[in-house]
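Here's the structure we're looking at; comments come further down.
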Number of protein chains: 2
Amino acid sequence: MCGITGYIGNKLAYPIVINGLRRLEYRGYDSAGIVLNENKNFKLFKTKGKVSDLEEICKGLKSDATVGVGHTRWATHGVPNDINSHPHLSNNEKIVLVHNGIIENYDTLKIMLTSKGYTFKSDTDTEVLVNLIQFMQDTQKIDLSTAVRLALNEVIGAYAIAVMEVDHPEEIVVARLSSPLAIGIGENEYFIASDASPFIEFTKEALYLEDGEMANISLKGVDVFKIKDNSKVNPIIQELKLSLEEIEKGGYEHFMLKEIHEQPKSIMDTMRGRLLVEEGIIQMAGIWDYQEKFLNAERIIIISCGTSWHAGLVGEYLIEDLARIPVEVEYASEFRYRNPIITDKDIVIAISQSGETADSLAALKLAKEKGAFIYGICNVVDSSIARLTDAGSYTHAGPEIGVASTKAFTAQLAVLSMIAIKLAKHKGTISKEKFNSLITELDSIPDKIEKLIKSTEEQIKKISLQYENVHNFLYLGRGYNYPIALEGALKLKEISYIHAEGYPAAEMKHGPIALIDENMPVVVIAPRTEHYEKIVSNIQEINSRKGKVIAIVTEGDIQVKNMVAEAIEIPDVSECFSPILASIPLQLLAYYIAILRGVNVDQPRNLAKSVTVE
Amino acid sequence: MCGITGYIGNKLAYPIVINGLRRLEYRGYDSAGIVLNENKNFKLFKTKGKVSDLEEICKGLKSDATVGVGHTRWATHGVPNDINSHPHLSNNEKIVLVHNGIIENYDTLKIMLTSKGYTFKSDTDTEVLVNLIQFMQDTQKIDLSTAVRLALNEVIGAYAIAVMEVDHPEEIVVARLSSPLAIGIGENEYFIASDASPFIEFTKEALYLEDGEMANISLKGVDVFKIKDNSKVNPIIQELKLSLEEIEKGGYEHFMLKEIHEQPKSIMDTMRGRLLVEEGIIQMAGIWDYQEKFLNAERIIIISCGTSWHAGLVGEYLIEDLARIPVEVEYASEFRYRNPIITDKDIVIAISQSGETADSLAALKLAKEKGAFIYGICNVVDSSIARLTDAGSYTHAGPEIGVASTKAFTAQLAVLSMIAIKLAKHKGTISKEKFNSLITELDSIPDKIEKLIKSTEEQIKKISLQYENVHNFLYLGRGYNYPIALEGALKLKEISYIHAEGYPAAEMKHGPIALIDENMPVVVIAPRTEHYEKIVSNIQEINSRKGKVIAIVTEGDIQVKNMVAEAIEIPDVSECFSPILASIPLQLLAYYIAILRGVNVDQPRNLAKSVTVE
């Protein structure tokens, strides 16, 4: 994923574009670049590193350009270095381009262009694209917009691009396929960006390009048309509701820590207006409007990636256990390429924080084509997935900036809990009493998290001191907490670069137990549930191989506590809600270990907040 | 796989044969038997159980017989019990036979013999063969050797046999097709055995029968000739250089390496009598008898653990892709504790090498209680799972001694391939042409594995030298080969104690990519399939972060080869069969890295061959 932004208007372009890049840095921070068109001359600056590095390079720059584009990169083709940074120029240096996405057939195109005498400085697919555009102009004497359109018709892949021509500073050409692109509509000025954050203080009006659309943006306005056949599109202009304050760190050292601490609030926000304990109902329009669909569903398929996939696994336990509807959870990337079996009796639910996850989006499109009813659980309002689905529930966790997802994950669990309980009530698979006790308990979860963070944060800080230098970790859980073992391990992986792996506890003896010796710490999620005795046995197996156990236990536990190096207590709740609580100490553990290792936890290496490439 | 042994000479036969059986027990231990010819009388002892059980039965035996044969059995046809144990007598009790292998057309032969008045005590194919020999003598008045030869010309299958006639204690007749048979040449004495281990202390000279050869062994010497046309063969006598332990391991350093090398044969054995390319059919009684169940199944649930769980995941791709029946794969340990949703329209398939895996067994019992039709895919005949299930298919891979499963895994894949293709044919989800091309291709897999091992083993040995000291590994694959990434990582974990983790390649960017730097080797399974371009992108992402890639590619691949540190070529096959081939180099890689690390690969720490605890 990359961030692209741009400006055309009457103001100075440089500060607007640089500011936009800073806002988009959560999308990638391997390199940054900017190009301005100053009196029909390109002024191009780019560098490996962050936007601050780019600003360093541009120090003292005086430019009266009023048009320009910028890019912040998450590397896909070619290592992050100066040469591979965007923007990229064409061979004749007349066309410049920034690109978010992947050109899959770049290799073939590069061979063709090389045979025609074009040369390449970088390893990027993007440089191939910009030269393909030049090639179209060279051979056909056409304007930029036509050249871009013809070039894109030769391309297989995903992209959001912004292109400028040196001799035409009055115009920026943009296009999108599978990567987001928003156009901010100001007064005689236009903004381009991967999302609305770069221009939120300038205008509240935005136009989102749809897949397969491109636009010519000039001071005269925005012309939108189809890449395929040049046919005109009448775009819909939307009003933005995002505020910028939400993006501040709120006094914490990192967004991630802020977001961990926000969870009592974010879960409350998620349940606000939905979980109505006094009325004894769960109000969810997305479910209610399609009640028949849900109650008659033969199967629910949950598709997602990464952390959201773990939420999906918990969802499987929740929905099967309570509402007795068979659930299958799939990696979106696997689902879409396997010609999945879907019928119109199936419900496909996509879970994605950003709502832009390319693999999930593509999987969802496929499911829709096959006639499934598609439902979205997203955090970002009006995101691509939210717009594609038949219905959905937002998580309302607020913007999540830390790359490692925390509050969005527990908000997903809260939404899935509400869906499962609501369906169970309407299907009659739980009694009215059970329903009431479940919603009362769910309502108490935010307070319990508040208390849990207060009572364990210092302890976890201390525990982490002992694990600063380990190379490996195992995380084990059973039942509802098996996905939490996966998620706990993923958190540690993402921000500490320690190789942590999650496993269903009982599978350990079928292989992974060979790894266990005195150097292998093992986190075991062992709350007092139905599986308690089984997990006690698993801990004994680890102890007999001298593994060091950190256990997550229920308040007041004695048996496990006496067997392990460290025990972290979580409040006593029904098993179905224990995943939400068990997640919290694992987030804190990952955070504090990573801090000791000196990692920038909000922007860990190699990762991007929302993955809009496949 | 069974073990056979025999003696003819001037020493007492009993101690030599019993000792030989003990040496051959690694080939099977379901039952054991011995027959001696004492003054033209057969003394026959046999029992279910191990060789020690046989010795118990023979306690106090005084026999001056100097000729005899013995058998230790790995059940294929018929459960392991006393009656099914070898040796088997002919109806007239004049001929006795021990047999290693499978007579594929035993059913037809049995019907023919029954119509002629022959009766059968056991369920074995072997008893059919010994009576077919009697039938030849009865009808043609010929000597034993001629009768054996004529009988074998009626037989389809694989065998190594030793046959004696009660009135001719001076001779043993042996024959081989696709199952090994060695003859030890002493001074006025001869030994027979499945391998040289039973006679290594008596003689260093041995003669190995080739496929399609038989021999008459008497005190006067050994006459070797062709089964087909009785033409004489001049045998080559070899000098044995291996130690006893080396012989049991087939000359390999470890059982695991032997079992890796056995895969061409074990897969052929798995498909023998089932995959009938010329007839254009797949013959599987377990499926055929319950065809309606399978064709009307709303869902197939596969439950298993460890390596078998990975086979189940490949099974999901196979059955969904080809037969279009929705499949869910579950960890047995998770399945049983979650109150799973099962109906009588569901088929539950358990996969287990040993057939004794406690978690799988318990999950299966639960599924049975809930009314599901349950099916077993086991390697050990008459194991607990085999006895519990309504029907099933054995893998016929022979005993697997190495704790890390290799040949049992690929045999499971072969069985699942046959099931998927057979169901697809009957459901009409593939065309007749497609069916024929798939079975023809599947039939070619053993040869391809043979070639693959030959062409890559030295290369893999060299590659492993560079990874002896790494702490971590990632394994990536997509689609059909995502489970193989999991399995490849598990192999390395189990026997090298390196923390290796498998991932669907596209998931890497949702977290695990943070782990990648110059210290993280990444194995990428990248055969030329539909996902090739996607996996090329994944490799580029790893390269951009300086990860070191070992790729499994299709023969002749150029693009990936040019991008990676190491490329191991596998033969070009349809995607659905690529998991079988891609497994092989990953087994070898795990083996050679483990050897360098000094691990006892056949018995890695903390692990057991069959996990009969929960």
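Each Cβ is built from the backbone N, Cα and C atoms, and glycine gets one as well.
Features of the protein shown, as given by TrEMBL:
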type: ACT_SITE; residues: A:Cys2; note: active site, nucleophile
type: DOMAIN; residues: A:2-220; note: domain 'Glutamine amidotransferase type-2'
type: DOMAIN; residues: A:290-429; note: domain 'SIS'
type: DOMAIN; residues: A:463-604; note: domain 'SIS'
type: ACT_SITE; residues: A:Lys609; note: active site, for Fru-6P isomerization activity
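The domain 'SIS' (A:463-604) scores a mean pLDDT of 94 in the predicted structure.
Residue pair A:Cys2 (active site, nucleophile) / A:Lys609 (active site, for Fru-6P isomerization activity) shows a Cα separation of 10 Å.
Under DSSP, residues within the domain 'SIS' (A:463-604) fall into helix, strand and coil as 69 helix, 30 strand, 43 coil. Just so you know, the Cβ of A:Cys2 (active site, nucleophile) picks up 28 other Cβ atoms within 10 Å once every protein chain is counted.
With a 10 A radius on its CB, A:Lys609 (active site, for Fru-6P isomerization activity) counts 26 other CB atoms from all the protein chains.
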